[in-house]
Amino acid sequence: MGRGGENYGKRENCGIDSSKQDTFPAWARDVKQCEEKYQVNQETGLLSAEVEKRRQIYGLNELEKHEGTSIIKLILDQFNDTLVRILLVAAIVSFVLAWYDGDEGGEMEITAFVEPLVIFLILIVNAIVGIWQESNAEKALEALKEIQSEHANVIRDGKKVSNLPAKELVPGDIVELRVGDKVPADMRVLRLISSTVRVEQGSLTGESEAVSKTVKVVPENSDIQGKKCMVFAGTTLVNGNCICLVTQIGMDTEIGKVHSQIHEASQHEEDTPLKKKLNEFGEVLTMIIGVICALVWLINVKYFLSWEYVDGWPRNFKFSFEKCTYYFEIAVALAVAAIPEGLPAVITTCLALGTRKMAQKNALVRKLPSVETLGCTTVICSDKTGTLTTNQMAVSKLVAIGSRPGTLRPFDVEGISYDPFDGRIQGWPAGRMDANLETIAKICAVCNDAGVEQSGNHYVANGLPTEAALKVLVEKMGLPEGHGSSSGHGDPQRCSQLWNKMEQRIATLEFDRDRKSMGVIVNSSSGRKSLLVKGAVENLLERSSFIQLLDGSIVELDQYSKDLILQSLHDMSSDALRCLGFAYKEELFEFTTYNGDEDHPAHQLLLNPSNYSSIESKLIFVGLAGLRDPPRKEVRQAIEDCRAAGIRVMVITGDNKNTAEAICREIGVFGSHEDISSRSLTGKDFMEHPDQKNHLRQSGGLLFSRAEPRHKQEIVRLLKEDGEVVAMTGDGVNDAPALKLADIGVAMGIAGTEVAKEASDMVLADDNFSTIVAAVGEGRSIYNNMKAFIRYMISSNIGEVASIFLTAALGIPEGMIPVQLLWVNLVTDGPPATALGFNPPDKDIMKKPPRRSDDSLITAWILFRYLVIGLYVGIATVGVFIIWFTHDSFLGIDLSGDGHSLVTYSQLANWGQCSSWEGFSVSPFTAGSQVFKFDANPCEYFHSGKIKASTLSLSVLVAIEMFNSLNALSEDGSLLTMPPWVNPWLLLAMSVSFGLHFLILYVPFLAQVFGIVPLSLNEWLLVIAVAFPVILIDEVLKFIGRCTTGLRYSGARKAPKHKAE
């Protein structure tokens, strides 16, 4: 954006000579050259025929509408996830198998279709949530269009055309801008109609004050802030009016470039760290499932494929399709068992709960995954104006004249907002202001066009921020002596109104850039005319001949007093204060009888601004004030917290270097006496830096001033390339591309533009930097809790896989069917996993460095632990199945109450050969109110007769998983130090899960769907006895983990250090 032709959109720029039009720098050419280039006269404007011709070339003055992602592509993108693809395959296979089995008809049909339908339902819900989230991404571009002006006042064919639709402007059009107008295109200022023109362009450039515009040429390589003779689309005129020439329209304007950058940034959105981890985990899982399925088939190949050896070669192959599909179903069951189907739902729930917690801390999360990303933020790139500072000008120092020449009286002024009751003036003579202080108050109140009013809970400025700050100062100074007390929270402009009543303004000498001052002529209550002036201190001193002392007496301004005032000015300026001087004059001979009448001879003097300097001469200097956009009170502590948490803070601002450096020293980004020459650069200097990445790698804080949107984007891009997780704050249009590009875009809720909010992931309701730091702590806590429930769910799935694998390896009948596993994964595991999201955060969570985004979700030690736990789950579920078939009692628990027949382990393992056993018979057994008989076919005992054993297996699995959720309360902490009641939600969730399990056991219709039967009290005792040891096993593993923590972590941390070297 610095040079004219950089990065201009698709259309040609303005002008008739198309070979050079892309690089025509209107800001570096005088008015006559610009008129020649665009073949136009500012008095008559373009002819209608010429306008049509140019519209054919340049199109309409509007931002492009980018094609959004098609709904088909959005749907397909939702299946670009390994876990989802495995589930999809499992669903299709089980659907085909159910269809195949359906030929048998009857009740089996219902249960067979439950599983594929439930999986399809999960996939559909997951896809809908994903599509809804992604379709919100394009809204930032729509919000940009709201910023554009809708109408313009144009001169065409020698006539003024009012309210022409702004989209019909073409390069070369002559536009008149008036105060309050929104600029409709990028334009070159041709002529100032008023003596000054000021534009509020902070939302585009990041400057904290309105910028004075000029007709004068500026250097060709000026940055956007330096183009003083240009006005930009989307900015607003706050005072004056002028005639301008349209140079760029539509996508070629500065705001058009921001539009292109947002679109470009939205094309490069990356997965969050967690999504990457889950995808990696999914790939590993696919491989593991593949290997285990192959093993199950190899172990059982003898059951469906047999052959004989003839002459050393295998011959006479026999293949059983029925058995083959049976083991294929086992492989599908394995896939269902291995995938934590409930995980997407639990993650979404946990993130949603996180967003509610964050909303209570004033951080409104717009995109769910960003909650988790916040937790691993390593760099916060913060805007200065409005985030680190209040974006409300305030007087922080007042210097009055002393009791004798050569003495000054400095006062420190408290307060950081437009609230007149926020802070006071230190050492102030309340209620007994001397004559000198009264004069300062009078000038601040009367030589002032701004106002302050209450809006809700806060105060806002009307007019220029610097003038509003002076009005607030007047209220803090209080009422002049003899006019009552100024205490109490009444009218926020009480004192100013009194001064304006006492001193009636009759004429204004408008501010201009040459004399750098503003004056008002007033009719004083004493009946005399006087001139009150405020402006740049050096300029006022040049035109002052006297100073007013404390008691109101007037003495000549000597060189010593002048030097003393200039020294005070220098000290305040080096603290990045913006200084204004105050002066007045009482001998106005030409205006003695003037009362504002246009026919008065003196009125002619006021019509010509070149006379103002001579009117404002021989002034009496009374004092000066230092103003600034003050830092927020809580920011310093927040930056300390960032340092403790291992997060680096970089300040990127459009403001000037000195102001930004002073604020950074004050809030603790830099030390108060630290040499920051290598840490503070302008955006332009950084772009020309020979080694940008090394500059960004410096530890501690960094500052980039006078930064343009493309500089911000480049900084974010380089940091991300270096593996940093970047949170970027901003409030202006100029921040939107970088907000979109950052891992976490944080917009301001109060001062932020709609464009910034739409491009962001999170909005700060209170515009406060410390809210981001609180949100990072919350993000870390949420990640730790997510890690707990992800591990919990994965360890449960390992147990299910172990169970099915052992069943297949031992050759016993299938213990649990896929629909039961699906129920456990989705419903029974869901509540405890969600409740683990409520684990209280660690007390030292913001004292640890951020986790690296490539830190593994599951370390080798955790994987080993869960393999051990998983193996026990497998042994317990298969073990209880075998116990029921082979034992009538276990650990003193009688199991013979239902009358079932016992078989030997050998018979159970070779159940497929049952039809060849001689004399094999089984007696009926009861389950609840049902009686199972096997008179017709005793071998059915291993098919429909396994229903009780299968129910025991399922109940053991559910019980183990409930106990295992207690293990997940802490990664290494014992249940003795972290008892279950630290998270009462978990106890409630366990009750809900057991309740749901009882529901499917004891409601006949559900029991039929899931292929289970009710259990007796003794059978429940057996379930608890087999399940409880999982807690003891994990306690032993946790103890080993605590003892070896140091060894494991020192090993794990060596790798990244080596990588950095």
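Cβ atoms are placed via backbone N, Cα and C, with glycine included.
Automated prediction, rather than curation, is the source of TrEMBL annotations.
According to TrEMBL:
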- 25-99: domain 'Cation-transporting P-type ATPase N-terminal' (DOMAIN)
- 82-100: transmembrane segment (TRANSMEM)
- 112-132: transmembrane segment (TRANSMEM)
- 284-305: transmembrane segment (TRANSMEM)
- 325-353: transmembrane segment (TRANSMEM)
- 858-885: transmembrane segment (TRANSMEM)
- 985-1005: transmembrane segment (TRANSMEM)
- 1020-1040: transmembrane segment (TRANSMEM)
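A contact between the transmembrane segment (1020-1040) and the transmembrane segment (858-885) is present, since 3 or more of their C-beta pairs, 6 or more residues apart, lie under 8 Å. Below 8 angstroms of C-beta separation, residues 281, 791, 794-796, 798-803, 805-807, 810, 812, 815-816, 895, 900, 902-903, 905, 908, 946, 948-950, 952-953, 956-957, 960, 964, 967, 971, 1022-1023, 1026-1027, 1029-1030, 1033-1034, 1037, 1041, 1044, 1048, 1052 of the same chain, each at least six residues beyond the ends of the transmembrane segment (858-885), sit close to that stretch.
Below 8 angstroms of C-beta separation, residues 823, 827-832, 834-836, 838, 928, 951, 955, 958, 961-962, 965-966, 969, 1012-1015 of the same chain, each at least six residues beyond the ends of the transmembrane segment (985-1005), sit close to that stretch. Averaged across the domain 'Cation-transporting P-type ATPase N-terminal' (25-99), the predicted model reaches a pLDDT of 82. According to DSSP, the secondary structure content of the domain 'Cation-transporting P-type ATPase N-terminal' (25-99) in residues is 47 helix, 1 strand, 27 coil.
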